[in-house]
Amino acid sequence: MGPLDVWDLSPLLSLWMNRFYIYMGCALGLTLCICVQIIKKQVTRSQEKRVPGAPDSSLSPQKKQTHVSGVKIFYGSQTGTAKGFAVVLAKAVTSLDLPVAIINLKEYDPDDSLIGEITSKTVCAFLVATYTDGCPTESAEWFCKWLEESANDFRFGKTYLKGLRYAVFGLGDSAYRSHFNKVSTNVDKWLWMLGAQRVLTRGEGDCNAVQSKHGSIEADFTAWKTKFISRLQALQRGEKKACGGNCKRGKCESAQHGPGEARPHPQGELHPGDAEEEEPCESSSEDELGTQDYQSLTSVVDVEDLGNIMNPVKREKREKSHQDGKAAMQRNPEKTEDGEGRAMITPALREALTKQGYQLIGSHSGVKLCRWTKSMLRGRGGCYKHTFYGIESHRCMEATPSLACANKCVFCWRHHTNPVGTEWRWKMDQPELILKEAIENHQNMIKQFKGVPGLKAERFEEGMEVKHCALSLVGEPIMYPEINRLLKLLHQHGISSFLVTNAQFPEEIRKLTPVTQLYVSVDASTRDGLKKIDRPLFKDFWQRFLDSLKALSAKQQRTVYRLTLVKCWNVDELQAYAELVSLGNPDFIEVKGVTYCGESAASSLTMANVPWHEEVVRFVRELVDLLPDYEVACEHEHSNCLLIGHKKFKIDGEWWTWINYSRFQELVLQYEESGGSKTFSSRDYMARTPQWALFGARERGFDPKDTRYQRKNKTKDISGC
C-alpha cells in the first residue's frame, strides 16, 4: 500500500472548496484593523488641537523669536477721557508682561519718530477724539495734519510706514452725525494709505448713551480693549493675520458684527478706498448690467448666450452715455446765467487740492505752505532761493493767482489735477481779494505750526509777516489778466515778487511790470524735446517759446532761466542750450534735477530719470564751458540744484547774487511814482553772496546758522522745493 493510500486529503479539499470565504474573512479583518488605526490617529490629533498654546518640543529655546517688543499708546485728548482710557489700556497690556509707553500726541514728532516704530516690533494704539466740527483735539492737531499731508504727498509713497502695526479707537458723539468719529476714521485711513498694517478693526466709542453699542463710551472702550488684548496675545504667538482678515482696499470690518465688533461707518465709507483714491472707472458692474444681468453673470454662462446678455448691456450703456452727455451740457455751460465765466475751481478739484494741503482762494487762486518754510521755522535750513538770493524761507509765501496752465509737463508736481487752457475763460477774482486772502491763509497755516517740536519762537514771529511771494505754486500765474495789478499790490505791501512762467505767453511777458525776479522754465533745448517734456497745448509752442526768451532779454530786472534736468530726456545737446542762453541773455541760470512725483498715468517718469547731484554738477560744468560770459556761482546740494551767474555779478572776484530787498522796494516805488519813466536794472539792487553759499564751499549751500537734520532712514533725499 503506497503513502497516498494512507493520507486523507479531505481537509485540504475542504479548504480549497471554501477558499473564497477565507479570503473574504481576511480582507474584512484587515479593513477593520486599518479603520481602528485611522480612528486612533484622529482622536490623537483632536486632543492636540485642544491645547493651542502648548509648546513645540521640537523647537529649542534659542530658536524662539520675539514678535512683539512692546506697545505704545498714543492719545489725543481735550477733556482727559482719551488719556484715562490710555492709562486703563496700559494696565491691561502690562498684564501680558509687555513694555508699554503712554504718549501725548502733542509731545510727539511724527516726522522724526514714527518711522522708527517699524523696526522696533512695537504695536501702536491710537486713542483719538473728535472735537468741534469734526476736527481733532488741540493736542492731536499737528499729528493729524502731518499724517494727512504725508498720506497725500507723493514723496512719501504707499510703503512709507510698511511694517508699522497699529490699531485705532475713536471717541465721539453720534449726536453730531456728520462728524461722528471723523478723526479716528481719518487717522485709520491715512495710516493705511502709508502702508501701515492694521491689527484690529477700528473701534468707535459713543458718548451718546442711547446710541452707544454697549450702553456707554466706557463700555465701548472695554469691548475694544478686550479684543485688542486678544490680538496682542495672538501676535505674541507669531500669528500674522491682521484684523478679521476681511480688509479690502482699506475697508476694515468683520464678516459678522457681534458684540464688541466695530460697526461699518454710518455712511458706508471705504477708509482709504474712497472714490478719489481708487483707480477711476466709469461705473460698477451693477450699474452697467442691471441687477438681474449682473447676477446672471456671476454664474457660469454658455458662450452661445453671451450675445443675448451683452446686447442689452451695450444698449443700456449707450443710452446712459447719451443722458450723461446731455446732463453735462446743461450743468456746465461756458457762462453762467449772469454772464460771468465758470469758476475754475470745481468741487472735485477743490476736494483734490485741499487734500494736497492747498488753501484755495476765490474761484481760481491758491496758497500752500512750502516744506522749506516749515524747515526754516524749525531752524533746519532754507531752500535754494535762500542760498542763491538771500530770501528768508520762513517768510516766503508760495501762491498762484491761476491754477490753470498751458502745459502738461511730465514732471508736474500735481499729476495734472489742475485745469489747463490757452486763454483765460473763467470767472475772475479781483487782485485785492487774492492778496488779502492769500496772506490770511498763509498766516493761519503758520499759526497751525505753533507748538510743533523744534519751532523757533523768533522765526515764528517773523514768519507771520510775509516778506517774499513765490508765484510759482502750480499753474501759470501770468495767465491771470490782472497780474500786473497783483504785482503792484505785493510791492505796496513790501513783499518781493518771484514770478515763474513756462515761456508760452511772450506778449504777457513784454507787458509785465517790474518784478523782483522773473523766471522762465527752459525744460528742453529742441522743439521735439520741449514737446515731449512740456506737452504744450499751443500748436505754435516752439515759436512762442523762442519769442518768450527774446522778450526776457529786454527786461531790465533780474531774469533767470530755470532748467529742470530729466535724465534720458533733456541732458544732451548742450550746444542747443547754449544757443538758447544767447537768445535770452538771462542774469542767472538755475539747473536742478527733476523731482520724482510718483507713479501717474499721465507720466512715464521713473526714479531712473532722476539725476544724482554729481550728474547735475557735471552737466553744469560742461554747459559753462560753452558760455564765455557765465560761471558757476552757487550750490544747494540738498535741493540738487546749482546756480550759474553772469559775470557782471562777479565784482572784484566776489559774487553778488543776493538781493537787496529794501533797495528794490525803493526803486520800484520810484518807478511807479514816475509813471514808468525812472527805470532801474538788476545791478541796482544786488547784494554780496556769503561764502557758505558759493560753489565749492564746505557747507554745500547749507546756512551754518541752522542745524542740518538727517532723516533716520538713509535713503538719499532728492526731493525738491
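Numbering starts at 1 and runs along the chain as displayed.
For all residues, glycine too, the Cβ spot is worked out from N, Cα and C.
Not measured: the values here are computed from a predicted model.
Annotation source Swiss-Prot lists FMN binding site at 77-81, 168-200, citing sequence analysis. According to Swiss-Prot, the feature [4Fe-4S] cluster binding site maps to Cys405, Cys409, Cys412, an assignment based on sequence analysis. Look at Swiss-Prot and you will find 71-229 tagged as domain 'Flavodoxin-like'. Among the features that Swiss-Prot reports, domain 'Radical SAM core' is placed at 389-635. For 242-291, 305-339, the entry in Swiss-Prot reads region 'Disordered'.
Structure coloured by features recorded in Swiss-Prot.
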residue	record	DSSP (3 states)
Ser77	FMN binding site	coil
Val168	FMN binding site	strand
Asp173	FMN binding site	coil
Ser178	FMN binding site	helix
Val183	FMN binding site	helix
Asp188	FMN binding site	helix
Met193	FMN binding site	helix
Arg198	FMN binding site	strand
Cys405	[4Fe-4S] cluster binding site	strand
Practice prompt. Count the Cβ atoms, other than its own, that fall within 10 Å of the Cβ of Arg198 (FMN binding site), considering every protein chain shown.
Written response: 20
Response to the item:
Expressed in Å to no decimal places, the gap between the Cα atoms of Val183 (FMN binding site) and Cys409 ([4Fe-4S] cluster binding site) is 36
Worksheet item: Looking only at Val168, Val183, the binding-site residues on record, which one has the least crowded Cβ, with the fewest other Cβ atoms within 10 Å?
Response: Val183
Worksheet item: At the Cα level, what's the spacing in Å between Met193 (FMN binding site) and Cys409 ([4Fe-4S] cluster binding site), rounded?
Response: 26
Response to the item:
Densest Cβ environment (other Cβ within 10 Å) across the binding-site residues Asp173, Asp188 belongs to Asp188
Worksheet, complete the sentence: Between the C-alpha atoms of Cys405 ([4Fe-4S] cluster binding site) and Arg198 (FMN binding site), the distance in angstrom, to the nearest integer, is 40
Item to complete: To the nearest whole angstrom, state the Cα distance for the pair Asp173 (FMN binding site) and Cys409 ([4Fe-4S] cluster binding site).
Response: 46
Worksheet, complete the sentence: Cβ proximity for Cys409 ([4Fe-4S] cluster binding site), under 8 A, sequence spacing 6+, ordered by residue number, returns Asn502, Asp523, Ile533, Asp534, Arg535
Discussion item. Averaged over the domain 'Radical SAM core' (389-635), what pLDDT does the predicted model reach?
Written reply: 88
Item to complete: Using all protein chains in view, find how many other C-beta atoms are within 10 Å of the C-beta of Cys405 ([4Fe-4S] cluster binding site).
Response: 25
